[in-house]
């Protein structure tokens, strides 16, 4: 028989290891016992994938064995945290112990010989998700372990050896009988096609699962109501894995575990309808493709770490120039945070914007900006400030008191980016955007919009948008919703140009040769080593908005960041690219500043629920039904105001404002109303009752707001940009609460995106673009500027990387 024996401690000197080594030699004629160490398995973190190489090896060894022996010491009356962590890993996405025969033993210098630890271990192994088959009784407790072995590691007491033999031989019989019970029972499906439902983000997903007598033949999922992106990969890969292995023992996809399990559960329902116990298929081995762990090696001109907008832009630029590129993406699908955006990309385009009328109050917004005392403006921005004054004076002279077109220019974009980013933290440290970087952003944003159009992005040119906190209507919004338009166009272009995208492949370290960066070492989906030799590396891995501990570590702007704070970010945004940069001496800038998105879903942190309308149509009220802030203000201003009101607030809309929401459909609205996550009523009074407000208060607030819209001026909170009144039923209330949205700081870069070290000198062959880099947005980012940033500096990174290849 073949057994695996887990050394239940990371201690380099352990009597439990010595005990297992004794058993390995003593019983070699009876069984093959292989010792497994756990010293390289990280502490359990459900937000990280189960891809640690040592963990995967333990998993496969357990699956292939006839039984498992676990030797545990006793720490503070329980098992070591390292062993507990390994068992958590082995009961989360991996389940090799399910039904597996297990023998427990332990050695301790205490006379009781780990008895309390063994009791706890039995309870853990019996828990749902672990479900091991632990041999009852016959506990082997080796007390006074420091006296139990001779200098050759042999047990020195014959009675102890005799009892160990009794326990082990009983375990051999127990394992044989237990494994006979685990032999899969014969079954037959009732052939046919069965309709079930899986729960996706967009609601219930109809599924059709077809069976022959012995096989799952096909799985079809109707994804019409889902947003394109990571979910697409789930709906293809999970069914493919199930059919390949004829098993429900399929790993969930990182970043989409909820949707993955929904698909698996949906197929399990169909299996049951077809007359078979789904537990049989859950105990089957994983598909063969999930077991491939062969190391891989590649060579290219440029390797890009991160498959969001910045990374894909860099790769596409390299491919356009006839060079080759590889993109490494840690998640199962490309997209990063870009695919989760609202869609509009900021770029001053005066010729296009002149086709739109100015809105009430917009001219006043510019006048207020230009009234800033020059003593408050940093010297490098003064010339642009004065030039903007001249531009706007000419506009004023042209129209006077008459209604004009929507004014804009790269200078206005630049000054709004500058003023929008000027902030002072809790320690009195001030920050503002580096002029040379901001100038590149605002001068070249329109080129990025046009380049994306050439790549295949189609824009809705009938409307100009202002995202939340944008301060101005200059957003170019794609026809396709959210950030999907950018990611689909770029990934298809890269594929058409024979570029390579490796998903499920987090970068772990740089490949260093003769003191220079020569590529990247990554880990594949099954834990295999991926080595990429490259002439240049572009870091485009995003920020750290999904890493609460890192946010708390660097925070100097917010008085408190709670452990349970939500985020709008992809769960891939954990700051690993920043840490990777630091490993070669990269300098950091602006790390203490984090932007919150004020209008996030209070339960999930997402942006795509409720009615997400342009800020000129925002009507924000607190839980009492009163306005409390200028709805057109910057994101951190809105967030601070919301937090002062308790965090939770509501966006009020009517039927006309609803039509300006870019994130939804009537079907989705109806589902959310039914689920109680969006409120709808025929009168404002009824709406107030639904959300727990005094009807008279909400009605008075809305009446007052409507008067401000008519006048084009808000004397209460000085909102000066309006569009629609709230007057046509039905009326809506969308619950909102701030969530982490954008980490302002990151790696230091120059205008060519070279990563700078702590002495502001370039690190050879290393470039960075997107949220992983800092210095552009300073303390607060304008809505719509992130997309302008990633596509502008992503392209620059690709160009610079090519131009500086050896």
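Cβ from N, Cα, C; glycine included.
Bear in mind that the values here come from a model prediction, so they are computed numbers and not experimental data.
Of 188, 210, 257, the one with FMN phosphoryl serine in Swiss-Prot is 257, while the others lack that note in the record, though it may still apply to them.
Across the structure, residue 635 (active site, proton donor) and residue 257 (FMN phosphoryl serine) place their CA atoms 30 angstrom apart.
Close to residue 310 (FAD binding site) in the fold, though at least 6 residues off in sequence, lie 338, 540, 769, 770, 771, 772, 789, 790, 791, 793, 794, 797, each with a CB less than 8 Å from its CB. Spatially, by CA atoms, the binding-site residues 337, 342, 576 include one closest to residue 257 (FMN phosphoryl serine), and that is 337. The Cβ neighbour count for residue 635 (active site, proton donor), using a 10 Å radius over every protein chain in view, is 24. Between the two most distant C-alpha atoms of the annotated FAD binders (310, 329, 337, 338, 342, 343, 576, 742, 771, 786, 787) there are 25 Å.
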